[in-house]
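Written below as structure tokens is the structure these notes are about.
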Amino acid sequence: MEDFVRQCFNPMIVELAEKAMKEYGEDPKLETNKFAAICTHLEVCFMYSDFHFIDERGESIIVESSDPNALLKHRFEIIEGRDRTMAWTVVNSICNTTGVEKPKFLPDLYDYKENRFIEVGVTRREVHIYYLEKANKIKSEKTHIHIFSFTGEEMATKEDYTLDEESRARIKTRLYTIRQEMASRGLWDSFRQSERGEETIEERFEITGTMRRLADQSLPPNFSSLENFRAYVDGFEPNGCIEGKLSQMSKEVNARIEPFLKTTPRPLRLPDGPPCSQRSKFLLMDALKLSIEDPSHEGEGIPLYDAIKCMKTFFGWKEPNIVKPHEKGINPNYLLAWKQVLAELQDIENEEKIPKTKNMKKTSQLKWALGENMAPEKVDFEDCKDVSDLKQYDSDEPERRSPASWIQSEFNKACELTDSSWIELDEIGEDVAPIEHIASMRRNYFTAEVSHCRATEYIMKGVYINTALLNASCAAMDDFQLIPMISKCRTKEGRRKTNLYGFIIKGRSHLRNDTDVVNFVSMEFSLTDPRLEPHKWEKYCVLEIGDMLLRTAIGQVSRPMFLYVRTNGTSKIKMKWGMEMRRCLLQSLQQIESMIEAESSVKEKDMTKEFFENKSETWPIGESPKGVEEGSIGKVCRTLLAKSVFNSLYASPQLEGFSAESRKLLLIVQALRDNLEPGTFNLGGLYEAIEECLINDPWVLLNASWFNSFLTHALK
């Protein structure tokens with residue numbers, strides 16, 4: 001690189017650059033990228049000023065030959081390239097003669113025509129990013145900034161580029177040539193990456209048009225453009241006294257910092273109203289499986305074949321009837337839909353060869369349940385933009401719901417162990433790198449604790465259903481395809497098992513955008529009598545479809561078998577996330593790992609083995625009205641997993657908001673517990689932000705009641 005610099009640049013520039021580096025105690029032989037950067041910058045500054053003069057009338061002119069006419073004055077004063085003392089002398093004399101405000105940092109040029117200092121930048125990164133860094137550093141609206149990049153882009157304050165097109169094109173061409181020359185010698189990559197700040201690139205959106213005008217109009221007082229507001233915000237030093245910072249921000253803001261004491265916080269106000277209802281895409285604790293062990297039938301693994309085989313294991317079918325109607329729906333249609341499924345499955349069996357997929361006949365009951373032809377007709381915006389009172393539908397506020405005990409039971413069930421294993425050891429993927437012994441040991445211990453957990457069953461069920469539904473939505477867009485809800489597991493003895501939970505019928509699915517909705521009807525087996533908690537099943541129509549013989553301690557008993565039917569919907573983006581529910585395993589494993597790391601750093605050795613094998617030790621799991629609940633390490637793993645799984649199953653904007661806002665209050669309370677004497681302002685506003693997310697979502701309401709328990713115990 002050093003040789004390249006000496007060949008490529010004018011000897012005067014090279015000499016100036018060496019002098020500048022030595023002034024800062026840097027060695028051009030060692031810091032060759034910096035050497036090249038300084039030379040490039042010097043050359044751009046000289047090219048910026050070359051050939052630009054001011055004539056006797058004070059007009060700016062370009063003269064390319066050395067005209068003997070001495071009445072011309074150079075348009076630009078070059079400050080860059082002088083030693084510091086001399087440079088400041090020049091700046092001071094300019095300020096004294098022109099009355100321009102003295103800059104805090106040495107600029108590169110002074111423009112006698114526009115009467116302003118100019119900071120010239122040459123960057124190997126995005127011009128905006130470098131522009132903002134410069135603006136941040138100099139924090140002066142008086143100094144004009146002009147940035148060039150090696151790719152031919154440029155950016156200048158208020159898009160005022162000072163020079164004519166041709167002069168700027170010369171500079172860009174020269175920079176491009178330098179880049180090509182470096183690249184041909186294999187020097188460019190190292191040079192490009194060596195620019196400070198490469199790691200912290202933030203993609204900046206280019207804002208144009210209306211949004212740009214709106215942005216410029218909606219700035220706080222005293223800012224002339226979005227750019228200088230951004231620069232100000234980016235340069236805001238966050239540490240230090242809050243009151244001082246606030247007064248620095250605006251004259252109008254005066255925040256009184258209130259001390260946060262044990263008596264300060266109040267519990268979150270939970271909404272009143274009827275109890276909340278189940279809103280998951282499939283049944284959780286209430287699901288019932290029809291299963292086959294060691295499946296070896298013809299077509300094993302083809303969902304439809306597996307489903308028919310599972311259906312044949314049950315002999316207690318009976319004439320279905322409605323035991324809990326859906327308040328708003330046409331219940332006979334749900335009944336007819338189930339009868340249609342049974343009839344069409346029977347038809348399949350009567351065929352010579354069972355097909356791989358089954359499309360249902362488009363009967364009136366299915367059209368109704370799947371909302372066929374219900375969507376309002378779409379009108380092209382061009383045709384209606386002149387309608388004077390065009391507005392969005394008025395939608396009702398969601399009805400507020402109170403917490404219900406069923407969601408706590410659902411969560412408790414999700415933490416329990418089942419008698420089957422739902423994942424193989426390698427389900428939490430192998431690391432690509434040669435992974436350390438410790439990491440694989442942790443993974444194996446963790447997998448052993450959660451492989452039989454019901455939350456893991458929900459993961460595999462969710463992955464299966466979402467994958468099948470997304471596939472069908474893309475492959476059979478117009479068809480009402482019948483999709484069996486299936487999962488696979490291993491029994492204690494290691495035998496494979498295939499389970500059928502029920503069926504889904506998918507509606508039309510022309511999904512262009514990520515958020516376009518596909519409707520489906522789900523029909524799921526259960527032994528839960530819906531009349532015990534009717535509020536939980538508000539969105540369902542429940543049929544009684546058979547009697548099941550169950551083995552109990554007192555012998556065989558017959559229990560009615562129910563079918564939970566409802567209309568539901570999902571979108572491409574939701575199905576994509578549903579397919580990736582295995583990530584929940586990874587998230588909870590990482591949480592456990594951080595607990596192990598904390599232990600290990602205290603003991604100064606790896607505690608993985610002790611952590612999992614010391615069965616006598618208990619760990620905090622969570623807060624309940626009784627106080628801090630504790631349990632074995634396995635219970636902690638399963639609880640963390642269940643939380644992660646429920647965050648996925650019950651994902652919603654309410655949950656997003658609640659998690660983000662309640663976390664702030666949590667941090668304040670924890671600071672109080674750690675005797676850090678926290679202070680707050682506008683605590684009421686924070687409570688408002690949290691409570692506006694408490695509307696009707698069962699999982700959010702449960703988290704809020706846990707939060708209240710935490711507050712009670714934390715502040716005792």
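Using the three backbone atoms N, Cα and C, a Cβ is placed for every residue, glycine included.
Keep in mind the model is a prediction, meaning the values are calculated, not measured.
Taken verbatim from Swiss-Prot:
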type: BINDING; residues: His41, Asp108, Glu119, Val120; note: Mn(2+) 1 binding site
type: BINDING; residues: Glu80, Asp108; note: Mn(2+) 2 binding site
type: MOTIF; residues: 124-139; note: motif 'Nuclear localization signal 1 (NLS1)'
type: MOTIF; residues: 184-247; note: motif 'Nuclear localization signal 2 (NLS2)'
Reduce the DSSP letter at His41 (Mn(2+) 1 binding site) to three states and note it down. helix
Take the mean position of the Cβ atoms of His41, Asp108, Glu119, Val120, the recorded Mn(2+) 1 site. Which other residues of that chain put their Cβ within 8 Å of it? Val44, Cys45, Glu80, Pro107, Leu109, Ile118, Gly121, Val122, His146
Would you mind reading off the Cα separation of Glu119 (Mn(2+) 1 binding site) from Glu80 (Mn(2+) 2 binding site), to the nearest angstrom? 9
Confidence over the motif 'Nuclear localization signal 1 (NLS1)' (124-139), expressed as mean pLDDT on the 0 to 100 scale, is 84
Which of the binding-site residues His41, Asp108, Val120 has its Cα nearest to the Cα of Glu80 (Mn(2+) 2 binding site)? Asp108
Taking all protein chains shown into account, the Cβ-based neighbour count within 10 Å for Asp108 (Mn(2+) 1 binding site) is 25
Across the motif 'Nuclear localization signal 1 (NLS1)' (124-139), what are the DSSP residue counts per state (helix, strand, coil)? 12 helix, 0 strand, 4 coil
Excluding its own, the Cβ atoms lying within 10 Å of the Cβ of His41 (Mn(2+) 1 binding site) add up to 20
If you skip the near sequence neighbours and keep only those at least six away, which residues in the chain come within under 8 angstroms of Val120 (Mn(2+) 1 binding site), Cβ to Cβ? His41, Val44, Cys45, Tyr48, Glu80, Asp108, Leu109, His146, Ile147, Phe148
